Amino acid sequence: MASGHPKLMLISTTTLVLGAALLLLAGVASAAGNFYQDVDITWGDGRGKILNGGQLLTLSMDRSSGSGFQSKNQYLYGRFDMQLKLVPGDSAGTVTTFYLSSQGSQHDEIDFEFLGNASGEPYTVHTNVYSQGKGGREQQFRAWFDPTKDFHTYSVVWNPSHIVFYVDGVPIRDFRNMASAAAVPFPTSQPMRVYASVWDAEEWATQGGRVKTDWSKAPFVASYRGFAAAGCTAGGAAECAKSNGAWMFQELDAAGQEQLRKAQATYMIYDYCTDKYRFPQGPPPECSAAK
């Protein structure tokens, strides 16, 4: 990972008070890790349930509807962690999500989507980044574990320079700000909420839509826990630029870059930057600028 646990150190009471004041000025918030406090279930007509005193949230889908929730806070930059246990068994046609998004036709978005599968086939971990309404920046991976057996942690670090995707602390993608080098928009000004959902995407989710949803297996249930959001909740980019959270300056060090290289070499199954069918005239400008 890009940063380890800080060493224990002695800090004076004055320093602690000053640091807390600076965090408040910058509009920094950290989620308490209780779904009752942190999120609103926004759709699904009762198919989303908060359990275990707020420590667990389940989303389900049947033929009538899926379900979803969103964070109460919205953030401009931060670190966002969620533990998920995905739909087990034959989950073909289903998509389970954990993502950030702003609103409107020119929205920004940072996506983790998990594309279901027929029994015995691996899930696809799908990532994408939208900026100013433009997406199409997909990278896909195979998980190196069964994501339906246990909870695993999926994380996003978003700051003015980088968007880094992690799986169980391993970086799998680093989308860098290429606005200056390649004139590519990067999410820097629109606050985003955290969203999650389970929904029906049988037209494309599994083998390009060739494998449809088996509704006899419904309801399809995914489980969420361990939500942690540490980020800037202030009203504008100028205030958030003052944030001094570790996530504001986080980037991959040499060890993290090596982890990223190995993860992509071993587990990546699709990279839009190498898709000659979609981009016969050459890859998008950020692909070349990032090398």
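Each residue, glycine too, has its Cβ placed from N, Cα and C.
Under the heading active site, nucleophile, TrEMBL lists Glu109. Residues or ranges marked as active site, proton donor in TrEMBL: Glu113. Residues annotated as domain 'GH16' in TrEMBL: 29-224. Look at TrEMBL and you will find Asn117 tagged as N-linked glycosylation site. Residues or ranges marked as signal peptide by TrEMBL: 1-31.
This view paints the features noted in TrEMBL onto the structure.
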| residue | record | contacts (Cβ under 8 Å, 6+ apart) |
| --- | --- | --- |
| Glu109 | active site, nucleophile | Tyr99, Leu100, Ser101, Ser102, Asn128, Val129, Tyr130, Gly135, Met192 |
| Glu113 | active site, proton donor | Val95, Thr96, Thr97, Tyr99, Val125, His126, Thr127, Asn128 |
| Asn117 | N-linked glycosylation site | Asp90, Ser91, Ala92, Tyr123, Thr124, Thr206, Val211 |
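As a whole-number mean, the pLDDT of the domain 'GH16' (29-224) in this prediction is 93.
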